[in-house]
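I have placed the structure first, in the form of C-alpha coordinates, so that the comments after it can refer back to it.
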Amino acid sequence: MEVVAAVFLFAAALLSVGEGSPVTLTLERAFPSNHGVELNQLRARDSLRHRRMLQSTNYVVDFPVKGTFDPSQVGLYYTKVKMGTPPREFYVQIDTGSDVLWVSCGSCNGCPQTSGLQIQLNYFDPRSSSTSSLISCSDRRCKNGVQSSDASCSGQNNQCTYTFQYGDGSGTSGYYVSDLMHFASIFEGSLTTNSSASVVFGCSIQQTGDLTKSDRAVDGIFGFGQQGMSVISQLSSQGIAPRVFSHCLKGDNSGGGVLVLGEIVEPNIVYTPLVPSQPHYNLYLQSISVNGQPLQIDPAVFATSNNRGTIVDSGTTLSYLAEEAYTTFVNAITAAIPQSVRSVLSRGNQCYLITSSSNVDIFPQVSLNFAGGASLVLRPLDYLIQQNYIGEGSVWCIGFQKIPGESVTILGDLVLKDKIFVYDLAGQRIGWVNYDCSLPVNVSASTGRGRSEFVDAGELGGSTSLCDGPHTLIRTLFLALFMHITLFL
(Lines of atoms letter the chains of each structure in order from A; the text may use other names.)
(Lines give C-alpha, C1' and ligand atoms only; values in the text may rest on other atoms or scores of the structure.)
Protein backbone atom coordinates (compact mmCIF):
# COMPACT_ATOMS: atom_id res chain seq x y z
CA MET A 1 0.00 0.00 0.00
CA GLU A 2 1.41 3.39 -0.93
CA VAL A 3 0.53 6.58 0.88
CA VAL A 4 1.46 9.85 -0.81
CA ALA A 5 1.72 12.73 1.65
CA ALA A 6 1.11 16.39 0.90
CA VAL A 7 3.82 18.70 -0.36
CA PHE A 8 5.37 21.06 2.13
CA LEU A 9 7.38 24.21 1.40
CA PHE A 10 9.71 25.45 4.09
CA ALA A 11 11.88 28.55 4.41
CA ALA A 12 14.92 28.82 6.66
CA ALA A 13 14.24 25.42 8.23
CA LEU A 14 13.77 21.84 7.17
CA LEU A 15 11.70 19.07 8.63
CA SER A 16 12.59 16.33 11.02
CA VAL A 17 10.97 13.01 10.52
CA GLY A 18 8.90 10.82 12.81
CA GLU A 19 9.13 7.23 13.86
CA GLY A 20 12.28 6.07 12.22
CA SER A 21 11.77 8.42 9.31
CA PRO A 22 14.71 10.18 7.65
CA VAL A 23 15.73 13.80 7.78
CA THR A 24 16.91 16.17 5.05
CA LEU A 25 19.34 19.01 5.66
CA THR A 26 20.49 21.61 3.15
CA LEU A 27 24.17 22.39 2.83
CA GLU A 28 26.11 25.36 1.51
CA ARG A 29 29.76 25.06 0.59
CA ALA A 30 32.25 26.78 2.85
CA PHE A 31 34.70 27.03 -0.06
CA PRO A 32 32.91 27.06 -3.42
CA SER A 33 34.56 25.29 -6.30
CA ASN A 34 35.80 28.43 -8.02
CA HIS A 35 39.15 29.39 -9.41
CA GLY A 36 39.91 32.24 -7.03
CA VAL A 37 41.15 30.31 -4.00
CA GLU A 38 44.84 29.46 -3.85
CA LEU A 39 45.82 25.96 -2.79
CA ASN A 40 47.88 27.39 0.05
CA GLN A 41 44.75 29.10 1.42
CA LEU A 42 42.83 25.85 1.36
CA ARG A 43 45.77 23.96 2.83
CA ALA A 44 46.07 26.50 5.63
CA ARG A 45 42.38 26.13 6.36
CA ASP A 46 42.70 22.33 6.45
CA SER A 47 45.76 22.59 8.68
CA LEU A 48 43.67 24.37 11.28
CA ARG A 49 40.91 21.87 10.75
CA HIS A 50 43.17 18.87 11.35
CA ARG A 51 44.56 20.35 14.55
CA ARG A 52 41.01 20.72 15.74
CA MET A 53 40.02 17.12 15.03
CA LEU A 54 39.64 15.54 18.44
CA GLN A 55 41.58 12.32 19.14
CA SER A 56 39.46 11.55 21.05
CA THR A 57 10.86 6.71 20.35
CA ASN A 58 11.20 6.88 16.88
CA TYR A 59 11.79 10.39 15.66
CA VAL A 60 14.67 11.53 13.49
CA VAL A 61 15.90 15.05 14.13
CA ASP A 62 16.51 17.64 11.44
CA PHE A 63 18.70 20.73 11.58
CA PRO A 64 18.96 23.48 8.94
CA VAL A 65 22.54 23.75 7.69
CA LYS A 66 24.20 26.97 6.53
CA GLY A 67 27.69 28.04 5.50
CA THR A 68 29.81 30.87 4.16
CA PHE A 69 30.32 31.62 0.50
CA ASP A 70 33.27 33.99 0.98
CA PRO A 71 36.51 32.12 0.16
CA SER A 72 38.61 34.75 1.91
CA GLN A 73 37.26 33.50 5.24
CA VAL A 74 38.05 30.20 6.91
CA GLY A 75 35.04 28.21 5.68
CA LEU A 76 32.76 26.26 7.96
CA TYR A 77 29.34 24.65 8.04
CA TYR A 78 27.03 25.53 10.89
CA THR A 79 23.49 24.91 12.02
CA LYS A 80 21.01 26.24 14.54
CA VAL A 81 19.91 24.26 17.60
CA LYS A 82 17.28 25.07 20.22
CA MET A 83 18.16 24.23 23.80
CA GLY A 84 16.56 24.64 27.21
CA THR A 85 13.19 25.76 28.61
CA PRO A 86 12.19 28.23 27.36
CA PRO A 87 14.18 27.29 24.25
CA ARG A 88 17.03 29.50 23.07
CA GLU A 89 18.71 29.31 19.68
CA PHE A 90 22.43 28.70 19.19
CA TYR A 91 24.54 28.59 16.04
CA VAL A 92 27.02 25.72 16.17
CA GLN A 93 29.66 24.49 13.75
CA ILE A 94 29.05 21.02 12.31
CA ASP A 95 32.05 18.79 12.93
CA THR A 96 32.28 15.11 11.96
CA GLY A 97 35.72 14.94 13.57
CA SER A 98 34.49 15.29 17.16
CA ASP A 99 31.70 13.93 19.31
CA VAL A 100 30.45 16.61 21.68
CA LEU A 101 27.87 19.35 21.27
CA TRP A 102 28.98 22.38 23.27
CA VAL A 103 27.84 26.00 23.37
CA SER A 104 29.19 29.16 25.00
CA CYS A 105 27.84 29.84 28.46
CA GLY A 106 27.47 32.99 30.56
CA SER A 107 30.65 34.52 32.04
CA CYS A 108 32.70 32.72 29.39
CA ASN A 109 36.31 33.87 29.35
CA GLY A 110 37.49 34.56 25.79
CA CYS A 111 34.21 33.86 24.02
CA PRO A 112 33.67 36.19 21.02
CA GLN A 113 31.01 38.86 21.36
CA THR A 114 30.23 39.36 17.67
CA SER A 115 30.41 37.30 14.49
CA GLY A 116 31.46 38.17 10.97
CA LEU A 117 28.84 35.68 9.77
CA GLN A 118 26.14 38.27 10.49
CA ILE A 119 24.52 36.12 13.17
CA GLN A 120 23.51 37.00 16.72
CA LEU A 121 25.65 35.14 19.23
CA ASN A 122 23.98 33.77 22.37
CA TYR A 123 25.05 32.34 25.69
CA PHE A 124 23.45 29.42 27.49
CA ASP A 125 22.57 29.94 31.15
CA PRO A 126 21.65 26.71 32.98
CA ARG A 127 20.02 28.73 35.76
CA SER A 128 17.57 30.27 33.28
CA SER A 129 16.31 26.90 32.03
CA SER A 130 13.73 25.09 34.14
CA THR A 131 14.73 21.73 32.64
CA SER A 132 18.51 22.05 33.02
CA SER A 133 20.56 19.89 35.38
CA LEU A 134 24.27 19.42 35.97
CA ILE A 135 26.00 16.13 35.16
CA SER A 136 27.91 14.58 38.04
CA CYS A 137 30.94 12.31 37.84
CA SER A 138 28.81 9.40 39.01
CA ASP A 139 26.43 9.81 36.08
CA ARG A 140 26.61 6.91 33.63
CA ARG A 141 26.84 9.31 30.70
CA CYS A 142 29.86 11.02 32.21
CA LYS A 143 31.57 7.69 32.77
CA ASN A 144 31.05 6.86 29.10
CA GLY A 145 32.57 10.23 28.16
CA VAL A 146 35.63 9.58 30.31
CA GLN A 147 36.23 6.29 28.49
CA SER A 148 36.25 8.08 25.10
CA SER A 149 38.33 11.02 26.43
CA ASP A 150 35.37 13.36 25.88
CA ALA A 151 34.93 14.01 29.60
CA SER A 152 36.96 14.29 32.78
CA CYS A 153 36.17 14.43 36.48
CA SER A 154 37.42 16.31 39.50
CA GLY A 155 37.07 14.88 42.96
CA GLN A 156 36.61 18.34 44.43
CA ASN A 157 33.08 19.13 43.23
CA ASN A 158 31.97 15.87 41.55
CA GLN A 159 31.29 17.87 38.36
CA CYS A 160 31.65 16.25 34.93
CA THR A 161 33.90 18.53 32.86
CA TYR A 162 35.79 18.63 29.58
CA THR A 163 38.89 20.25 28.11
CA PHE A 164 39.49 20.15 24.38
CA GLN A 165 42.90 21.47 23.39
CA TYR A 166 44.00 21.85 19.78
CA GLY A 167 47.40 21.91 18.15
CA ASP A 168 47.19 25.55 17.05
CA GLY A 169 46.80 26.69 20.65
CA SER A 170 43.02 27.12 20.54
CA GLY A 171 40.76 25.24 22.86
CA THR A 172 37.73 25.21 25.09
CA SER A 173 36.86 23.96 28.54
CA GLY A 174 33.68 23.78 30.57
CA TYR A 175 31.23 21.44 32.22
CA TYR A 176 28.40 19.17 31.08
CA VAL A 177 24.70 19.83 31.53
CA SER A 178 21.57 17.93 30.58
CA ASP A 179 18.67 19.78 29.00
CA LEU A 180 16.03 19.55 26.33
CA MET A 181 16.84 19.85 22.64
CA HIS A 182 13.81 21.01 20.67
CA PHE A 183 13.17 20.01 17.08
CA ALA A 184 10.44 19.66 14.47
CA SER A 185 9.39 16.19 13.43
CA ILE A 186 7.16 14.29 11.04
CA PHE A 187 5.13 11.35 12.28
CA GLU A 188 3.72 9.29 9.39
CA GLY A 189 3.51 12.37 7.19
CA SER A 190 2.13 14.77 9.82
CA LEU A 191 4.20 17.77 10.85
CA THR A 192 4.89 18.14 14.56
CA THR A 193 6.81 21.11 15.92
CA ASN A 194 7.01 20.49 19.65
CA SER A 195 9.19 17.39 19.81
CA SER A 196 12.08 17.41 22.25
CA ALA A 197 14.60 15.08 23.83
CA SER A 198 16.97 15.31 26.75
CA VAL A 199 20.63 15.44 25.71
CA VAL A 200 23.94 16.03 27.44
CA PHE A 201 26.04 18.86 26.03
CA GLY A 202 28.96 21.03 27.04
CA CYS A 203 28.73 24.46 28.64
CA SER A 204 31.88 26.34 27.56
CA ILE A 205 33.29 28.76 30.13
CA GLN A 206 36.65 29.36 28.48
CA GLN A 207 37.88 29.59 24.89
CA THR A 208 41.31 30.39 23.51
CA GLY A 209 43.10 30.85 20.22
CA ASP A 210 41.22 30.55 16.96
CA LEU A 211 37.88 30.01 18.69
CA THR A 212 37.96 33.57 20.01
CA LYS A 213 38.15 35.21 16.58
CA SER A 214 35.01 37.06 15.59
CA ASP A 215 35.33 36.75 11.79
CA ARG A 216 33.87 33.23 11.79
CA ALA A 217 32.54 33.01 15.32
CA VAL A 218 29.62 30.78 16.22
CA ASP A 219 28.12 29.75 19.55
CA GLY A 220 29.81 26.37 19.70
CA ILE A 221 30.53 23.09 17.93
CA PHE A 222 28.17 20.23 17.09
CA GLY A 223 30.11 16.96 17.00
CA PHE A 224 28.75 14.29 14.63
CA GLY A 225 31.14 11.54 15.73
CA GLN A 226 30.12 8.05 16.77
CA GLN A 227 31.18 7.98 20.44
CA GLY A 228 28.64 7.83 23.25
CA MET A 229 28.68 11.57 24.01
CA SER A 230 27.59 12.53 20.48
CA VAL A 231 24.00 13.69 20.02
CA ILE A 232 23.52 11.03 17.32
CA SER A 233 24.47 8.29 19.79
CA GLN A 234 22.32 9.80 22.54
CA LEU A 235 19.21 10.10 20.37
CA SER A 236 19.76 6.63 18.97
CA SER A 237 20.03 5.10 22.44
CA GLN A 238 16.70 6.74 23.31
CA GLY A 239 15.05 5.24 20.23
CA ILE A 240 14.61 8.68 18.69
CA ALA A 241 17.06 8.71 15.76
CA PRO A 242 18.43 6.00 13.47
CA ARG A 243 22.09 5.22 13.86
CA VAL A 244 22.91 6.25 10.30
CA PHE A 245 23.41 9.52 8.45
CA SER A 246 24.22 10.45 4.85
CA HIS A 247 25.30 13.39 2.74
CA CYS A 248 25.57 14.40 -0.90
CA LEU A 249 27.71 17.49 -1.60
CA LYS A 250 27.28 19.42 -4.81
CA GLY A 251 30.52 20.00 -6.67
CA ASP A 252 29.53 22.93 -8.86
CA ASN A 253 30.17 26.60 -8.12
CA SER A 254 26.84 27.07 -6.35
CA GLY A 255 27.64 24.39 -3.79
CA GLY A 256 25.00 23.11 -1.42
CA GLY A 257 23.71 19.59 -1.13
CA VAL A 258 21.85 17.35 1.28
CA LEU A 259 22.63 15.97 4.74
CA VAL A 260 20.22 13.47 6.26
CA LEU A 261 19.93 11.61 9.53
CA GLY A 262 18.88 8.42 7.81
CA GLU A 263 20.12 6.27 4.94
CA ILE A 264 20.01 7.62 1.41
CA VAL A 265 18.71 4.78 -0.76
CA GLU A 266 20.30 4.53 -4.19
CA PRO A 267 21.19 1.50 -6.35
CA ASN A 268 24.83 0.53 -6.78
CA ILE A 269 26.06 1.94 -3.47
CA VAL A 270 29.19 0.04 -2.48
CA TYR A 271 30.16 -0.42 1.16
CA THR A 272 33.40 -0.91 3.02
CA PRO A 273 33.80 -1.63 6.74
CA LEU A 274 34.83 0.95 9.29
CA VAL A 275 37.96 0.29 11.30
CA PRO A 276 36.54 -0.55 14.76
CA SER A 277 37.27 1.33 17.97
CA GLN A 278 38.49 4.52 16.27
CA PRO A 279 37.56 8.11 17.23
CA HIS A 280 37.19 9.08 13.55
CA TYR A 281 35.63 7.47 10.49
CA ASN A 282 38.62 5.31 9.52
CA LEU A 283 38.60 2.99 6.50
CA TYR A 284 40.84 0.17 5.27
CA LEU A 285 42.51 1.72 2.21
CA GLN A 286 44.46 -1.07 0.52
CA SER A 287 45.82 0.36 -2.71
CA ILE A 288 45.65 3.17 -5.27
CA SER A 289 45.37 2.65 -9.03
CA VAL A 290 45.98 5.13 -11.85
CA ASN A 291 44.34 4.17 -15.16
CA GLY A 292 43.76 0.73 -13.71
CA GLN A 293 47.42 0.14 -12.83
CA PRO A 294 48.13 -0.38 -9.10
CA LEU A 295 50.82 1.90 -7.72
CA GLN A 296 53.84 0.41 -6.00
CA ILE A 297 52.90 1.51 -2.49
CA ASP A 298 53.32 -0.70 0.56
CA PRO A 299 49.78 -1.34 1.94
CA ALA A 300 51.22 -0.86 5.44
CA VAL A 301 51.43 2.86 4.61
CA PHE A 302 47.63 3.06 4.91
CA ALA A 303 47.26 0.83 7.98
CA THR A 304 45.47 2.35 10.97
CA SER A 305 47.55 2.84 14.10
CA ASN A 306 48.64 5.75 16.24
CA ASN A 307 48.51 8.90 14.06
CA ARG A 308 48.13 6.75 10.94
CA GLY A 309 45.26 5.58 8.78
CA THR A 310 42.64 6.78 6.29
CA ILE A 311 39.93 9.13 7.55
CA VAL A 312 36.72 10.33 5.87
CA ASP A 313 36.17 13.94 6.93
CA SER A 314 33.68 16.27 5.28
CA GLY A 315 35.16 19.18 7.24
CA THR A 316 38.37 19.05 5.21
CA THR A 317 38.37 21.05 1.98
CA LEU A 318 41.20 19.28 0.14
CA SER A 319 42.36 15.67 0.47
CA TYR A 320 45.62 14.38 1.91
CA LEU A 321 47.81 11.37 1.23
CA ALA A 322 50.24 9.71 3.60
CA GLU A 323 53.67 11.20 2.96
CA GLU A 324 55.15 7.82 1.90
CA ALA A 325 52.56 7.50 -0.88
CA TYR A 326 52.41 11.09 -2.08
CA THR A 327 55.38 11.25 -4.47
CA THR A 328 54.47 7.94 -6.11
CA PHE A 329 50.93 9.18 -6.67
CA VAL A 330 51.99 12.52 -8.17
CA ASN A 331 54.57 10.89 -10.44
CA ALA A 332 51.97 8.43 -11.74
CA ILE A 333 49.61 11.28 -12.65
CA THR A 334 52.38 13.18 -14.41
CA ALA A 335 53.49 10.10 -16.36
CA ALA A 336 49.95 9.42 -17.59
CA ILE A 337 49.23 12.81 -19.17
CA PRO A 338 50.03 13.67 -22.82
CA GLN A 339 53.38 15.31 -23.59
CA SER A 340 51.53 18.39 -24.81
CA VAL A 341 50.62 19.20 -21.20
CA ARG A 342 53.32 21.24 -19.50
CA SER A 343 54.21 20.27 -15.96
CA VAL A 344 54.95 23.22 -13.65
CA LEU A 345 55.48 23.89 -9.96
CA SER A 346 53.42 26.61 -8.32
CA ARG A 347 54.30 27.49 -4.73
CA GLY A 348 55.46 23.96 -4.11
CA ASN A 349 52.38 22.35 -5.70
CA GLN A 350 52.48 20.06 -8.72
CA CYS A 351 50.48 21.82 -11.45
CA TYR A 352 49.86 21.51 -15.17
CA LEU A 353 49.36 24.08 -17.91
CA ILE A 354 46.54 23.04 -20.23
CA THR A 355 45.84 24.81 -23.52
CA SER A 356 42.37 26.08 -24.33
CA SER A 357 41.92 23.26 -26.84
CA SER A 358 42.23 20.63 -24.09
CA ASN A 359 40.31 19.86 -20.89
CA VAL A 360 40.91 17.87 -17.74
CA ASP A 361 39.50 14.71 -19.30
CA ILE A 362 43.00 14.08 -20.67
CA PHE A 363 44.06 13.25 -17.09
CA PRO A 364 43.87 9.65 -15.86
CA GLN A 365 41.20 8.02 -13.74
CA VAL A 366 42.22 7.23 -10.17
CA SER A 367 40.79 4.48 -7.98
CA LEU A 368 41.10 4.25 -4.21
CA ASN A 369 40.61 0.58 -3.40
CA PHE A 370 39.20 -0.40 0.00
CA ALA A 371 38.47 -3.57 1.93
CA GLY A 372 35.50 -5.58 0.72
CA GLY A 373 36.16 -4.79 -2.95
CA ALA A 374 34.78 -1.24 -2.77
CA SER A 375 36.58 1.25 -5.02
CA LEU A 376 36.18 5.00 -4.89
CA VAL A 377 36.63 6.06 -8.52
CA LEU A 378 37.94 9.61 -8.92
CA ARG A 379 37.52 11.67 -12.05
CA PRO A 380 40.15 14.34 -12.77
CA LEU A 381 37.86 16.93 -11.16
CA ASP A 382 37.98 14.84 -7.98
CA TYR A 383 41.72 15.31 -7.54
CA LEU A 384 42.53 18.47 -9.55
CA ILE A 385 41.77 22.12 -8.72
CA GLN A 386 41.90 24.92 -11.28
CA GLN A 387 44.00 27.80 -10.00
CA ASN A 388 44.20 30.50 -12.69
CA TYR A 389 44.44 31.32 -16.38
CA ILE A 390 47.66 32.04 -18.27
CA GLY A 391 47.10 33.47 -21.73
CA GLU A 392 44.91 31.03 -23.59
CA GLY A 393 45.63 28.22 -21.17
CA SER A 394 44.69 27.36 -17.61
CA VAL A 395 46.64 25.99 -14.64
CA TRP A 396 45.34 22.92 -12.84
CA CYS A 397 47.01 21.66 -9.67
CA ILE A 398 46.79 18.36 -7.83
CA GLY A 399 44.42 18.98 -4.93
CA PHE A 400 45.80 16.07 -2.94
CA GLN A 401 48.34 17.33 -0.45
CA LYS A 402 50.64 15.79 2.12
CA ILE A 403 51.23 16.65 5.75
CA PRO A 404 55.02 16.63 6.31
CA GLY A 405 56.02 13.99 8.78
CA GLU A 406 52.52 12.51 8.95
CA SER A 407 51.26 9.18 7.65
CA VAL A 408 47.58 10.06 7.67
CA THR A 409 45.31 10.00 4.61
CA ILE A 410 42.27 12.29 4.78
CA LEU A 411 39.44 12.20 2.25
CA GLY A 412 37.95 15.69 2.24
CA ASP A 413 35.37 17.54 0.16
CA LEU A 414 37.54 17.37 -2.97
CA VAL A 415 36.90 13.61 -3.06
CA LEU A 416 33.50 13.45 -1.35
CA LYS A 417 31.65 15.87 -3.62
CA ASP A 418 29.24 14.65 -6.31
CA LYS A 419 28.73 11.40 -4.43
CA ILE A 420 26.29 10.00 -1.94
CA PHE A 421 28.06 8.96 1.25
CA VAL A 422 26.26 6.83 3.84
CA TYR A 423 27.63 6.47 7.38
CA ASP A 424 26.01 3.31 8.66
CA LEU A 425 27.08 3.36 12.30
CA ALA A 426 24.82 0.45 13.24
CA GLY A 427 26.40 -1.72 10.55
CA GLN A 428 29.87 -0.16 11.08
CA ARG A 429 30.38 0.58 7.41
CA ILE A 430 30.49 3.50 4.97
CA GLY A 431 29.07 3.41 1.46
CA TRP A 432 29.16 5.66 -1.60
CA VAL A 433 28.05 6.05 -5.18
CA ASN A 434 28.51 8.77 -7.81
CA TYR A 435 25.46 11.02 -7.89
CA ASP A 436 24.21 14.37 -9.16
CA CYS A 437 23.59 16.02 -5.81
CA SER A 438 21.22 18.58 -7.34
CA LEU A 439 18.71 15.76 -7.86
CA PRO A 440 16.24 14.42 -5.27
CA VAL A 441 17.32 11.62 -2.97
CA ASN A 442 15.33 8.79 -1.40
CA VAL A 443 15.97 8.17 2.27
CA SER A 444 15.04 5.16 4.39
CA ALA A 445 15.10 4.51 8.10
CA SER A 446 13.89 1.23 9.57
CA THR A 447 11.39 1.51 12.41
CA GLY A 448 12.41 -1.87 13.76
CA ARG A 449 8.89 -3.23 13.13
CA GLY A 450 9.29 -4.47 9.59
CA ARG A 451 8.54 -1.14 7.94
CA SER A 452 10.61 1.42 6.09
CA GLU A 453 9.67 4.93 5.04
CA PHE A 454 11.04 6.58 1.94
CA VAL A 455 11.30 10.29 1.37
CA ASP A 456 11.89 12.03 -1.94
CA ALA A 457 13.73 15.11 -0.72
CA GLY A 458 12.95 17.13 -3.83
CA GLU A 459 15.22 19.59 -5.58
CA LEU A 460 16.65 22.41 -3.49
CA GLY A 461 16.16 25.84 -4.94
CA GLY A 462 15.50 29.46 -4.12
CA SER A 463 17.01 31.43 -1.29
CA THR A 464 16.27 33.89 1.45
CA SER A 465 18.39 35.91 3.83
CA LEU A 466 19.30 34.39 7.14
CA CYS A 467 19.31 37.81 8.67
CA ASP A 468 18.55 41.36 7.62
CA GLY A 469 21.20 43.74 6.36
CA PRO A 470 23.03 44.58 3.14
CA HIS A 471 26.07 42.44 3.88
CA THR A 472 24.36 39.14 4.51
CA LEU A 473 26.71 36.30 3.51
CA ILE A 474 24.49 33.35 4.35
CA ARG A 475 21.48 32.13 2.44
CA THR A 476 19.01 29.55 3.59
CA LEU A 477 17.39 27.26 1.11
CA PHE A 478 13.73 26.54 0.51
CA LEU A 479 12.93 22.87 0.33
CA ALA A 480 10.01 21.49 -1.64
CA LEU A 481 9.61 18.14 0.04
CA PHE A 482 7.62 15.56 -1.95
CA MET A 483 7.04 12.79 0.49
CA HIS A 484 6.19 9.30 -0.73
CA ILE A 485 5.79 6.96 2.21
CA THR A 486 5.79 3.32 1.27
CA LEU A 487 4.66 0.86 3.91
CA PHE A 488 6.09 -2.64 3.88
CA LEU A 489 4.26 -5.26 5.93
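Just so you know, the numbers here start at 1 and follow the chain as drawn.
Each Cβ is built from the backbone N, Cα and C atoms, and glycine gets one as well.
Remember, it's a predicted structure, so these values are computed and weren't measured experimentally.
Sequence annotations record features per position, and here TrEMBL assigns signal peptide to 1-20. Summarising the annotation, TrEMBL assigns domain 'Peptidase A1' to 77-433. Annotation comment: TrEMBL describes D95, D313 as active site.
Confidence in the domain 'Peptidase A1' (77-433), given as mean pLDDT, stands at 87. Scoring each of the active-site residues (D95, D313) by how many neighbouring Cβ atoms lie within 10 Å, the top position goes to D95.
When the alpha carbons of D95 (active site) and D313 (active site) are compared, the span between them is 9 angstrom.
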